[in-house]
Amino acid sequence: MSANELTSGDFTESGEPFKLFAEWLGEAEASEPNDPNAVALATVDEDGLPNVRMVLLKGFDDNGFVFYTNFESQKGREILGQKKAAMCFHWKSLRRQVRLRGPVEIVTDAEADAYFKTRARGSRIGAWASKQSRPLESRFALEKAVAEYTARYAIGEIPRPAHWSGFRIRPTSIEFWKDQNFRLHDRIEFRRPLPEGAWDKVRMYP
């Protein structure tokens, strides 16, 4: 899909950010060659220093944006400590960007269990074997742990580790950006003071 084949109409007239995001993500799924749901996730440590990494968005609705991770990882620890995070999607083929930020909540056990069961068996084993974000002696040590958990769960279902679950960012700000000539880009931001509040929309200078 080219930039000339996108949703008709002026996106800056939209009044519903989740609907607009769904439209943009759908067009990215038709245009981006790899992982259109990839998103930069920013967190802050206890000293106020930011960290950012790519994760995969695994769901969204009017309640927020969901991804899954090891809660003992750097991002897991920082989110549990600060209870806030930010995301940035950039779809290069469409020359579009979406930024959002807000408080974070943990998904329900039922949600986490349901998603965990959809993962490839090797990925479920990996959730047990990987001590994410901690020093690793060698590749062999990781492969040994994978072999041990593969043997342990050779028969039957692989349970979800207690330290592996999902987070939901409940945005209080969502910004949509579209590239235009001469850096005179189109940019709108939806804001609300609380995740349960009504949205206000502001058009921003590029």
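Glycine is treated like the rest: Cβ placed from N, Cα and C.
Swiss-Prot lists ARG53, MET54, VAL55, LEU56, LEU57, LYS58, TYR68, THR69, LYS75, GLN97, GLN132, SER133, TRP177, ARG187 with the feature FMN binding site. Taking Cβ-Cβ distances under 8 Å and a sequence separation of 6 or more, the neighbours of VAL55 (FMN binding site) in its chain are ALA38, VAL39, LEU41, PHE67, THR69, LYS75. In the three-state DSSP reading, VAL55 (FMN binding site) counts as strand.
Residues or ranges marked as substrate binding site by Swiss-Prot: LYS58, TYR115, ARG119, SER123, ARG183, LEU184, HIS185. Within the same chain, residues at least six positions away from LYS58 (substrate binding site) with a Cβ under 8 Å of its Cβ are ASN37, VAL66, PHE67, TYR68, TYR115, GLY166.
Here the Cα atom of ARG53 (FMN binding site) is found 26 Å from that of HIS185 (substrate binding site). One residue stands out among the binding-site residues ARG53, LYS75, ARG119, HIS185 for having the most other Cβ atoms within 10 Å of its Cβ: LYS75.
Our reading of the substrate binding annotation (LYS58, TYR115, ARG119, SER123, ARG183, LEU184, HIS185) yields a largest Cα to Cα distance of 44 angstrom. Whole-number maximum of the Cα to Cα distances across the FMN-binding residues ARG53, MET54, VAL55, LEU56, LEU57, LYS58, TYR68, THR69, LYS75, GLN97, GLN132, SER133, TRP177, ARG187: 37 angstrom. Taking CA atoms as the reference points, LEU57 (FMN binding site) and SER123 (substrate binding site) are 16 Å apart.
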